[in-house]
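Database features, via Swiss-Prot:
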- H173, H175, D186: Zn(2+) binding site (BINDING)
- 102-225: domain 'MPN' (DOMAIN)
- 173-186: motif 'JAMM motif' (MOTIF)
Amino acid sequence: MMVAHTAQQLDLREKLLTNGVHSLSDIELLAIFISSGNNRKSCLQLAYELTKHLGNLRNILNADLQSFKSIHGLGEVRYAQLQAAKEICHRSDFIDLQKEIRLSNTQQTYAFLKKRLRDYKNETFAALFLDNQHRIIAYEELFSGTINTATVYPRPIVERVLQLNAAALILAHNHPSGLSDASQQDLAITERIRDALDLVDARLLDHIVIGDNEVYSIFAENKWVCN
């Protein structure tokens, strides 16, 4: 049985190398990632069961450990590898964003923030710190809360701005509900942070709310916040 499983795995790798990665189905890609099965299941069978259980690649990438381990034959090692692969992709996206001489590509910025934040199950508050030429210094996730809210304090943000010698920043947070509209609480904390940054001569460029399929720019939709 193990010989057959190994041959199946080699066939998938040969298909990838011969025809390109785009020739593989989602299940086949997962099978290559899983790499090896066990005495009862091949890597392809494990990939099929995982996809059937969780639905699609996005759900698999964002699954918690217990959901992942519910498939017999998959454990902590494969889960850790999956999370590492996911983070590698995130960091690659950040490198692409940093290549901008100045952060002027709004859609690219939105896409990066959306990919980073939209799948979190709890509300997470992040910031892009920029220099005086609007070049990226750092991306950091600063606060995390419950499914409905994250408690955000201006002081740690200002302290981080000073530590990084940042001149400007873009804030972003997700709504786990999937809705991207800003709440009154979102508008209020935006004003508080903007005013706190003014005291240290740093500029808040925008606050982006990330929904499931859309993003909402508080500054674009509420011009009075910019003043």
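Glycine is no exception: its Cβ is also placed from the backbone N, Cα and C atoms.
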Sparsest-packed of the listed binding-site residues (H173, H175) - C-beta count within 10 angstroms: H175
For D186 (Zn(2+) binding site): intrachain residues, at least 6 apart, with Cβ closer than 8 Å: H173, H207, V209, I218
Three-class DSSP secondary structure - H175 (Zn(2+) binding site): coil
